[in-house]
Amino acid sequence: VIGGDECNINEHRFLVALYDGLSGTFLCGGTLINQEWVLTAQHCNRSLMNIYLGMHNKNVKFDDEQRRYPKKKYFFRCNKNFTKWDEDIRLNRPVRFSAHIEPLSLPSNPPSEDSVCRVMGWGQITSPPETLPDVPHCANINLFNYTVCRGAYPRMPTKVLCAGVLEGGIDTCNRDSGGPLICNGQFQGIVFWGPDPCAQPDKPGVYTKVFDYLDWIQSVIAGNTTCS
């Protein structure tokens, strides 16, 4: 996250860290939505992944930190009008909720335009050069209406959200992918894509719109993985 500050240790209990299981490289963020399921971005996928829950500083382990790996992964492939950007990961075994681990509930309503939203992650804090922090950074950004989004990115599909600061300087960045966009306390977006370098004026970040995928997410969790 560019232009943010170290997150409060208690504000990101649902934020998970995805690591490449072979190289041990930090890849992406993700969001815990219940004891067995994590949502992230599809391009974060690797054949082997470790998922760390309850982490703050990458180099200092909490007593209640837990590690899981994907038991099964599901990608959205149901409707050509939707972006194929998100990934549901079923964990190999349920997570124990604790002081530093609790889920973020799915949204009950779509986000209202002009919401102030919170983003967070262990992604780049400078762009360029690439500086990765040991602790997650958090920032507040604004949700933009779809016209602003299309103005910045004319070929943008519809099932997305754009958020940022029009004058630039605050934005999600590389390796924040997969983490949450939280608007008015609700989990509304998944970090997907943005300009390179990050945090440019008039170039908001792009997020998968969680509300538009609720039926699919809930059916996958319920065990129905076919498209209705």
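Using N, Cα and C of the backbone, Cβ positions are placed for all residues, glycine too.
These numbers come from a predicted model, not from an experiment.
Per Swiss-Prot, these features apply:
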- 1-222: domain 'Peptidase S1' (DOMAIN)
- Cys7-Cys138: disulfide bond (DISULFID)
- Cys28-Cys44: disulfide bond (DISULFID)
- His43: active site, charge relay system (ACT_SITE)
- Asn45: N-linked glycosylation site (CARBOHYD)
- Cys78-Cys227: disulfide bond (DISULFID)
- Asn81: N-linked glycosylation site (CARBOHYD)
- Asp88: active site, charge relay system (ACT_SITE)
- Cys117-Cys183: disulfide bond (DISULFID)
- Asn145: N-linked glycosylation site (CARBOHYD)
- Cys149-Cys162: disulfide bond (DISULFID)
- Cys173-Cys198: disulfide bond (DISULFID)
- Ser177: active site, charge relay system (ACT_SITE)
- Asn224: N-linked glycosylation site (CARBOHYD)
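Cβ neighbour count for Cys198 (disulfide bond): 26 (other Cβ atoms within 10 Å of its Cβ, all protein chains included). Between the C-alpha atoms of Cys7 (disulfide bond) and Ser177 (active site, charge relay system), the distance comes to 17 Å. Here the domain 'Peptidase S1' (1-222) returns a mean pLDDT of 93 for the predicted model. The active-site residues recorded for this entry are His43, Asp88, Ser177, and the Cα of Asp88 lies nearest to that of Asn224 (N-linked glycosylation site).
Residues near Cys173 (disulfide bond) in space but far in sequence (CB under 8 A, at least 6 apart, same chain), listed by position: Val1, Ile2, Gly123, Gln124, Ile125, Ser127, Gly194, Cys198, Ala199. In the three-state DSSP assignment, the secondary structure recorded for Cys44 (disulfide bond) is helix. When the Cα atoms are compared, Cys138 (disulfide bond) and Asp88 (active site, charge relay system) turn out to be 24 Å apart. Proximity to His43 (active site, charge relay system), defined by a C-alpha to C-alpha distance within 10 angstroms, is shown by the following recorded positions from Cys28, Asn145, Cys183: Cys28. Counting every protein chain shown, the Cβ of Cys149 (disulfide bond) has 20 other Cβ atoms within 10 Å. Look at Cys149 (disulfide bond): DSSP puts it in a helix. Counting in whole angstrom, Cys117 (disulfide bond) lies 11 from Cys162 (disulfide bond) by their C-alpha atoms.
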